[in-house]
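Asker: The structure's right below; bear with me while I get my questions together.
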Amino acid sequence: MEKSLELGNVTRVQEFVLLGLSTRLGIRDALFVIFLSLYLLTLLENTLIIYLICSHSELHKPMYFFLGNLSCLEMCYVSVTMPTLLMGLWTGPCHVPFTGCMTQLFFFISLICTECTLLASMAYDRYVAICRPLHYPLLMRPQVCLGLALSSWLGGLLVSVIKTACIASLSYCGPNVLNHFFCDVSPLLNLSCTHVALTELVDFISAIVILWGSLLVAMASYVAIGRTVLGMPSAAARHKAFSTCASHLVVVGIFYSATIFIYARPSRIEAMDLNKVLSVIYTVVTPMCNPVIYCLRNREVQSAFHRTMRWSSV
């Protein structure tokens, strides 16, 4: 009885203070310009890709359907974390209400889970196209593509509801300072004044299922693609396929390495500076690089872009 009265008298945290990417005044202005430029470039790249895919009928294919979904996701994804990052660089540590922090966390978890499953779906699409080309129209028919995309988005929402509910239900009695540039799982768990073992377990299991599960699908697809490509008689065809897959694997490898290191661990991360550096990789660098790797190097997309530029100059 005394314990419950004591807990009831504890002052609950009403807001969190995000320290931001850097607290050093000398470099904050330069970082603000750099990250604002990267943010605008990411929005421009992905908007261009969505426009090209929607406006050119030759891009109405399963591969570009998934790329359009990925571009839409990247625009939402970077817009969830970048505003608080830029605000922290412009004004210094920023105050975020508890509900605002949980809202940002909800959308962040939802989008990062969706990206994992979308990358796996895109790898499977390439596997079917290269390894089973005769069955491609059947295996990747519109209903299947739509089902894979919907399951990615809805699955991300479901996982996010569970994880955010667990984290929001914890008690935060103070301090309320997050050494990060957005509301992330590990910094919030570090501030909780209640037992977090169950929440950590839910976080770890969901990370294993989503991150490792989608990574295994992607890696199995690319391994099968590699074996098929090695059996191609044409050296030119092998080189083209390997160059495309290699660039895809670089992006997938960077994204999954950073996310698995942070989220697929059974305990909270104490090294927040390392956490912030890795977070920049998958919240800023990857969304900026994905359009270039997956689309803008693609000949069909380049052809559609050049036609669009000719139309606009007429």
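Glycine is treated like the rest: Cβ placed from N, Cα and C.
Remember, it's a predicted structure, so these values are computed and weren't measured experimentally.
Relevant sequence annotations retrieved from TrEMBL are reproduced here:
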type	residues	note
TRANSMEM	30-54	transmembrane segment
DOMAIN	45-294	domain 'G-protein coupled receptors family 1 profile'
TRANSMEM	66-90	transmembrane segment
TRANSMEM	102-124	transmembrane segment
TRANSMEM	145-172	transmembrane segment
TRANSMEM	204-225	transmembrane segment
TRANSMEM	246-265	transmembrane segment
TRANSMEM	277-296	transmembrane segment
Asker: Using Cβ atoms and a strict cutoff of less than 8 Å, what residues sit near the transmembrane segment (204-225) while being 6 or more residues removed from its termini?
Answerer: 113, 116-117, 119-120, 123-124, 126-127, 130-131, 155, 159, 162-163, 241, 245, 248-249, 252, 256, 259-260, 263-266
Asker: Quick test of the contact rule: Cβ under 8 Å, at least six residues beyond the ends. What residues does that give for the transmembrane segment (277-296)?
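Answerer: Same-chain residues near the transmembrane segment (277-296) but 6 or more away: 21, 35, 38-39, 41-42, 45-46, 48-49, 52, 67, 70-71, 74-75, 77-78, 81-82, 85, 112, 122, 180-182, 184, 247-248, 250-251, 254-255, 258-259, 261-262, 302, 305.
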Asker: Please report, as numbers and ranges, the same-chain residues at least 6 past the borders of the transmembrane segment (66-90) whose CB is under 8 Å from any CB of it.
Answerer: 18-22, 28-29, 31-32, 35-36, 39, 42-43, 45-47, 49-50, 53-54, 96, 104, 107-108, 111-112, 114-115, 118-119, 121-122, 125, 145, 148-149, 152-153, 181-183, 279, 283-284, 287-288, 290-291, 294-295
Asker: Same chain only, please: residues at least 6 beyond the ends of the transmembrane segment (30-54) with a C-beta under 8 Å from a C-beta of the stretch. Say none if there are none.
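Answerer: Distal contacts: 21-22, 60, 64-65, 67-68, 71-72, 74-75, 78-79, 82, 85-86, 89-90, 284, 287-288, 291-292, 295-296, 301, 304-305, 308.
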Asker: Across the whole of the domain 'G-protein coupled receptors family 1 profile' (45-294), what does the mean pLDDT come to? Round it, please.
Answerer: 87
